[in-house]
Amino acid sequence: MKLAVIPGDGIGVEVTAEALKVLRKLVPDLQTTEYDLGARRYNATGELLPDADLAAIREHDAILLGAIGDPSVTPGVLERGLLLNMRFALDHHVNLRPSQLYPGSKSPLAAQPDIDFVVVREGTEGPYTGNGGAIRVGTPHEIATEVSINTWFGAERVVRYAFALAQTRRKHVTLIHKTNVLSNAGAIWTRAVETVSAEYPDVETAYCHIDAATIYMVTDPSRFDVIVTDNLFGDIITDLAGAVTGGIGLAASGNIDASGTNPSMFEPVHGSAPDIAGQGIADPTAAILSAALLLRHLGRDGDAARIEAAVEADLASRGDSKVVTSEVGDRIAAAL
């Protein structure tokens, strides 16, 4: 297995090391190439995602990312120039966010049974395409626009991914949108679900407005199995999903090219946390679960399940003990 590794900034370096420690226990032939991308390189050279690095990354089976971001860089520079640029260049049109409440996780919904759902978020369209602008800036007549781009091609392929995933789970797909207001984009998403659902007669479907979905995610999260949604609503709902399942410190994600043309990228949802970087107290669990997600994407379901079981056991046994980054990685690797 050829793996491109982007440790990135802050605690990204530390948690990625633990994820690799776990991966190497299960993948003896793992070949890794590390890419220095993020704040350090940008501050040193002004480079964000050089063409040569992007071309080299394309040659790998998958990408493991730590975290990107540092106070020394203006907000938005790394996000747009590196993360979004890579997402578009590698056609990572599916953002996959599993949300499961593990025993021992600290959650406001710890008493809720059976919180286990997946959000399938469209990753390359919506209002994040940079289609917009502003005129008369700084005047009382300033006007700003952010155009949301939605295509049949983009929606249908993400919906199709969601239905295929639901087929392997509890066979239920919920579309989240705001079709009563965003009628044009909503029509595309609704038709995509109706069209694809005809090919999956045993998969049930449901619809929620985004505002109602936030209520249900807190009051009745077990109603969800696979959620499919657009880029903006997915961005919002996945952070809420992280909160109800123990916090984004436990949340893994995948940025996936479902066609397999480009390597998909897997990363913890949390940021670079520069305030605790270098102290060895960052929880690497989300990075380790991202490694499990990576293995499942590459067809190694058994290995992924072993990591997830080891994580579940580790979380259940921690109690109130303080997290030591390397010790978490050691325990989970030893359990394999």
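Yeah, the Cβs are placed from backbone N, Cα and C, and that goes for glycine too.
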Inset, instruction - Given that Swiss-Prot annotates Arg87, Arg121, Asp211 as binding substrate, state which candidate in Arg80, Arg97 belongs to that site as well. - result: Arg97
Inset, instruction - Mind checking which of Ala273, Ala277, Ile281 has the fewest other CB atoms within 10 A of its CB? They're the binding-site residues. - result: Ile281
Inset, instruction - Whole number in angstrom, please: the longest C-alpha to C-alpha distance across Arg87, Arg97, Arg121, Asp211 for substrate. - result: 27
Inset, instruction - Reduce the DSSP letter at Asp235 (Mg(2+) binding site) to three states and note it down. - result: helix
Inset, instruction - Quick one: give me the count of other CB atoms within 10 A of the CB of Asp239 (Mg(2+) binding site). - result: 13
Legend entry - C-beta crowding around Asp211 (substrate binding site), within 10 angstroms: 10
Inset, instruction - Going by Cα-Cα distance, pick out whichever of the binding-site residues Asp211, Ile281, Asp283 is nearest to Tyr128 (site 'Important for catalysis'). - result: Asp211
